[in-house]
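Reviewing the structure listed below.
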Amino acid sequence: MPPCVTLDRLPQLTHLKPKTKRAKRFLEKREPKLSENIKNAMLIKGGNANLTVTQVLRDVYALKKPYGILYKKKNITRPFEDQTSLEFFSKKSDCSLFMFGSHNKKRPNNLVIGRMYDYHVLDMIELGIEKFVSLKDIKNSKCPEGTKPMLIFAGDDFDVTEDYRRLKSLFIDFFRGPTVSNIRLAGLEYVLHFTALNGKIYFRSYKLLLKKSGCKTPRIELEEMGPSLDLVVRRTHLASDDLYKLSMKMPKALKPKKKKNVSHDTFGTTYGRIHMQKQDLSKLQTRKMKGLKKRPAERKAEDEEDKSKRIKKN
């Protein structure tokens, strides 16, 4: 039998130093950073998932590669009732995003999409699949693995309703991929289009085709690539406003320092304000011209006026 661990020794055990270099590298990756890592997603299959839900998870995983983990075994869990298993998998695989698929009589073809904060569920929204077309069913060329997509959102609901606003934020977090400093035109290969209309969300994926147009800017055509989903919002589990603000808090080191006397207009033009002492324009050195040169008689008259003014003051 292993020896019992007292409560007094638990803090010491949690802060043990790594014994190997591999363990040290592993802990360094998990440490909090100023600029966070790329968000990975875990795709989990429920205990009673059918073929439709399984294929949806596979297609989403194909879009997320290599920033995703697909669990092939079935996991009997209910995210809206017990979140401990999701939090365990999140900590184990270091994933801050998840998608859970299940199927039952009450909620057929069910998807739960959510995200974590400090390995605890922050936001979670349940979606029902009404129509699905797989990647395999659309016989067109696909994009290579790891391609960063362009995201387009259409519909007033994404800006008006709080549930749809959070869902839009979730979709952006889930599919945006790594942050890049520069964009290459040839690297814009596919588009994910989300449309909110009449209480439904239409998810479409298109490949971008650059055609010759006779000028520098190419002509763009869209070709449906798949997958294609018609979704309905069912249940929601949203974080409170305070917790949501805390999760979006930016470290002080990353906050841009305010520059004094610098302003920008709506077009991005920078304006600077310079503070100077009051200048005596009479002493300002200008370009000398013979035509503006004073005659000796004018100089004598000015000197006499100055002398008279000084005498009056005294």
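Every residue number used here counts from 1 along the chain in the order it is shown.
A Cβ is built for glycine as well, from the same backbone N, Cα and C atoms used for every other residue.
Here TrEMBL flags 39-242 as domain 'Brix'. If you average pLDDT over the domain 'Brix' (39-242) in this model, you get 90.
Annotation comment: TrEMBL describes 277-314 as region 'Disordered'. The region 'Disordered' (277-314): residue composition by secondary structure is 24 helix, 0 strand, 14 coil, according to DSSP.
Sequence annotations record features per position, and here TrEMBL assigns compositional bias 'Basic residues' to 285-297.
Annotation comment: TrEMBL describes 298-308 as compositional bias 'Basic and acidic residues'.
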